[in-house]
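**Student:** Per Swiss-Prot, the feature substrate binding site maps to 8, 9, 10, 11, 12, 13, 68, 69. For 38, 68, the entry in Swiss-Prot reads Mg(2+) binding site.
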């Protein structure tokens with residue numbers, strides 16, 4: 001049984017990890033443990049690079065907390081231009097898989113608050129009246145009226161991040177480069 005460390009205690013993220021590992025490895029083939037670790041980036045990362053660094057740093061910190069585990073998974077949501085998205089980072093042994101989620105265009109009323117230094121989740125809570133939005137369906141759930149959720153979008157991206165660990169083509173050695 002695989003020991004999977006989720007570099008988060010957020011239920012929406014842990015649910016996405018659970019769904020992805022169910023799909024790839026099967027229910028009952030792993031156990032997930034959530035740990036609270038720092039991302040090393042601001043609470044609201046801006047830009048793809050900063051967001052990806054946050055996901056990678058979560059994995060690095062989770063590996064330090066639980067080095068005996070088999071997998072470590074970091075998810076970091078961010079804002080780039082007028083879009084929200086997230087980076088998924090999965091490590092197993094010495095290999096890494098990464099994927100970026102789908103993006104959602106945000107309305108100006110939300111972006112104004114973010115430009116003033118507030119987090120997307122806090123802005124959504126104020127405008128929607130739903131407390132703790134980011135641990136539920138997230139902005140995605142609110143704007144799509146539940147057709148998509150933070151969990152469902154992260155699930156898809158996690159499936160892509162897990163590909164290097166189960167697709168045999170990724171295990172093949174690279175062909176030698178021809179001599180020039």
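Cβ coordinates are placed from backbone N, Cα and C, and glycine is handled just like the others.
A description of the local structural setting of each listed feature is requested, covering burial, neighbours and distances.
**Tutor:** In this view, residue 69 (substrate binding site) is surrounded by 20 other Cβ atoms within 10 Å of its Cβ, with every protein chain counted.
Within 10 Å of the C-beta of residue 68 (substrate binding site) we count 7 further C-beta atoms, all protein chains included.
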**Student:** Where residue 38 (Mg(2+) binding site) and residue 13 (substrate binding site) are concerned, what is their Cα separation in Å, rounded?
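**Tutor:** Counting only the Cα atoms, the answer is 15 Å.
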**Student:** Secondary structure at residue 10 (substrate binding site) (DSSP, helix/strand/coil)?
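**Tutor:** DSSP assigns residue 10 (substrate binding site) to coil.
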